[in-house]
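According to TrEMBL, the protein carries these features:
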- A:5-290: domain 'UvrD-like helicase ATP-binding' (DOMAIN)
- A:A26, A:G27, A:A28, A:G29, A:S30, A:G31, A:K32, A:T33: ATP binding site (BINDING)
- A:291-567: domain 'UvrD-like helicase C-terminal' (DOMAIN)
- A:679-701: region 'Disordered' (REGION)
Amino acid sequence: MDYLEELNSPQREGVENLDGPTMIIAGAGSGKTRVLTYRIAHLIRMKNVDPFSILALTFTNKAAKEMRARIEKVAGTDARSLWMGTFHSVFARILRSEADKLGYPSNFTIYDTDDSKSLIRSIVKEMGLDDKVYKHNVVYNRISGAKNNLISWQNYLNNPLYISEDEQAQKPKMGAIYKEYVQRCFRSGAMDFDDLLFNTNVLFRDHLDVLNKYQQRFRYVMIDEFQDTNISQYLITKRLSSVHQNICVVGDDAQSIYAFRGANIQNILNFEKDYPDLRVIKLEQNYRSTQNIVNAANSVILKNSAQLQKNVWTDNDSGELVHLIKSTSDNEEGRLVASSIFEDRNNKKLQNKDFAILYRTNSQSRSMEEALRKMNIPYRIFGGLSFYQRKEIKDLLGYLRFTINQNDEQSFRRIINLPKRGIGASSVDKIVIAAFENDKSIWEVLQNIRNFLPGRTANAVENFVNQIKTFKIKIERADAYETASFIAKQSGLLRELYDDKTIEGLNRYENVQELLNAIKEFVDTPGQEDKSLEAFIADVALLTDADKDDPNDTDYVNMMTIHSAKGLEFRHVYVVGMEEDLFPSQMMLNSRADLEEERRLFYVAITRAMEKITLSYALTRYRFGRLKSCEPSRFIEEISPEFIKVDRKFNNPEPMGSLNSGVSGSNYARNLVAQRKVESNKVPPGKKLHTPSADFAPSDTRKLDTGMRVEHPKFGFGEVKKMDIEGANRKATIEFENFGEKTLLLTFAKLRIMD
DNA sequence: CCCCGAAGGTTTTTT
DNA sequence: ACCTTCGGGG
């Protein structure tokens with residue numbers, strides 16, 4: 001085959017040995033994805049394997065999408081019927097078709113992390129526990145950890161280890177919360193992310209006929225990024241492949257960075273035990289990076305204690321040494337990185353998309369954004385707050401989800417009083433408790449609401465119920481797009497957003513339109529047979545921003561966390577915020593294992609670079625709005641001296657002059673967007689300034705200034721006399737024509753600027 | 001029930 | 001710096 005010519009011998013071994021258990025240990029940049037795609041293409045073209053019986057599992061949607069495209073290039077469109085996707089999406093699909101066996105409806109709702117956490121909060125509150133002790137994050141992680149280790153709530157309550165750990169942590173009720181949480185999800189007809197894997201295990205354990213069906217079907221199973229799978233995921237694939245034994249896993253222990261989600265390097269070691277006649281292939285030649293980059297990365301990972309024997313090397317040029325940029329502040333760091341990109345781009349004739357800025361936490365993008373904007377360098381941020389996490393999107397999705405599944409408690413809580421219908425929190429709690437005490441579903445209680453609530457609120461609820469009923473009828477008769485637009489209009493959500501002439505309101509309105517467009521696109525997709533709303537909603541919780549539009553033809557500097565950079569490569573990479581406590585993260589430094597995971601993360605960051613890697617750190621950085629001094633990361637010193645260009649004597653932080661924090665980056669961006677909208681007359685005169693949510697309060701006070709005339713819904717017209725900042729709260733003192741001088745908190749004040 | 005002033009909490013990474 | 005929650009008053 002033509003494509004085999006391009007491969008080196010271990011790569012070729014990986015492509016050609018198709019039967020039996022195989023483990024490919026693939027060093028960074030060693031052509032792992034290429035081997036995996038050619039392997040699949042080879043199965044289809046050489047062995048005539050029906051793509052329908054191949055299952056390829058990846059860790060992220062991005063990886064799945066990319067690999068599918070590459071396979072289609074090699075193997076043609078036959079590859080379309082291939083089962084390829086993330087663990088979560090593939091098994092969600094299987095669970096939907098087998099849901100009845102587990103007592104779930106096939107249109108079960110998928111709870112995302114926010115849904116899960118808010119359910120946990122209501123449970124903790126209802127149980128009368130202290131939410132300072134049972135913090136929703138901690139509880140969520142505990143439950144998630146148990147599920148990923150396949151510990152059911154019944155097991156949990158009988159497990160001496162978990163019990164004693166909880167006693168030790170002064171959280172004895174943890175098991176009880178777990179139990180209630182699982183039961184509530186079940187009653188809601190909902191699964192969280194971990195349930196998708198946990199329940200697949202239950203399904204395959206308790207229903208051997210079902211297991212057998214899929215075992216027969218998937219003759220070849222492949223797993224990418226194997227080092228990031230957890231026990232729950234591993235056991236599913238082990239069960240699936242136990243008949244044909246054609247399982248191939250590809251991974252790199254040095255790049256395992258998801259232990260916090262239950263990923264376990266131990267899986268790689270267990271794999272050898274579970275499959276004694278395992279074929280192990282090592283890909284050690286790096287095609288991606290220069291010698292200096294490979295060597296620098298190797299010298300870092302050497303500091304870790306546990307790793308598989310492996311020697312990553314390269315034939316490439318030695319290239320430039322690792323660069324180091326030192327700045328006095330995070331803002332200066334931004335400027336230096338931006339001007340470095342600007343220079344390299346011009347001198348080396350590179351494009352913006354050849355550059356990537358990587359950071360440990362999403363919040364670090366701020367100072368970079370600002371600097372790039374000032375230098376007119378286009379950029380694109382991956383990750384961060386996902387489109388689907390936005391309030392207005394979740395609100396509409398809440399309506400859509402509830403129309404499909406009226407038992408979904410979280411959607412119910414979200415939309416019951418939205419727009420306001422006079423049904424407050426206490427009424428909502430009464431409804432949920434009534435459902436629980438009478439062993440009825442929420443929907444049943446809603447339909448007989450007069451038995452539970454007094455007249456006025458009951459009227460409001462009845463109107464709500466009738467509305468949902470009309471939505472349900474619409475769903476039967478119309479496609480996803482028609483139904484969703486109908487619901488968006490009839491529910492009043494669209495109206496409310498339309499009436500909000502704030503810049504933010506305008507954006508929210510556009511976002512909802514964008515969601516409707518996405519649904520339209522879904523309906524119009526050729527080959528999309530099921531055009532129902534149900535089909536669209538099914539996987540929405542599993543989508544992330546990476547799946548949304550991906551303008552390949554545009555030229556942007558890439559910005560993302562190191563985690564989301566996994567699997568990608570760029571000619572020039574900047575790793576910013578190389579400071580102790582930030583990277584390695586302070587929260588991770590509790591045990592040695594955690595430090596080693598941070599170090600692997602650093603390894604991943606370095607090995608993304610093809611030609612040049614630059615590390616950058618600042619001596620001061622804003623945190624919680626306060627200027628803090630920082631020390632260079634210990635990781636910088638861990639790079640062997642011969643590979644890095646640096647004065648090893650780090651200076652102590654210099655005394656700072658007065659630093660102007662300026663406008664925060666995202667607000668700066670929003671201001672620019674806002675400005676553009678004003679210029680193009682998209683904002684009507686007399687625009688409303690402040691939103692009732694705290695979304696946009698502080699930086700907007702810049703635009704409201706002394707001397708401006710404003711209108712307040714209650715106090716009428718007035719003139720701004722004074723702007724003030726008191727603690728975290730922004731205030732304006734306004735002289736009203738009819739009410740005299742008032743000082744207003746801007747977080748909530750709905751003011752319009754009069755032109 | 002809703003509005004809004006005040007104070008307290010947040011900082012990890014992703015499906 | 002930004003966001004959420006609490007609680008008093010209408």
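Cβ atoms are placed via backbone N, Cα and C, with glycine included.
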Legend entry - Surrounding CB atoms that lie within 10 Å of the CB of A:T33 (ATP binding site), all protein chains: 17
Legend entry - Check: same-chain CB within 8 A of ATP site center, minus A:A26, A:G27, A:A28, A:G29, A:S30, A:G31, A:K32, A:T33: A:D252, A:L283, A:N286, A:Y287, A:R288
Legend entry - C-beta crowding around A:G31 (ATP binding site), within 10 angstroms: 22
Inset, instruction - Across the whole of the domain 'UvrD-like helicase ATP-binding' (A:5-290), what does the mean pLDDT come to? Round it, please. - result: 90
Inset, instruction - Just name the winner among A:A26, A:A28 (the binding-site residues) by count of other CB atoms within 10 A of its CB. - result: A:A26
Inset, instruction - Let me know how many other Cβ atoms fall within 10 Å of the Cβ of A:G29 (ATP binding site). - result: 23
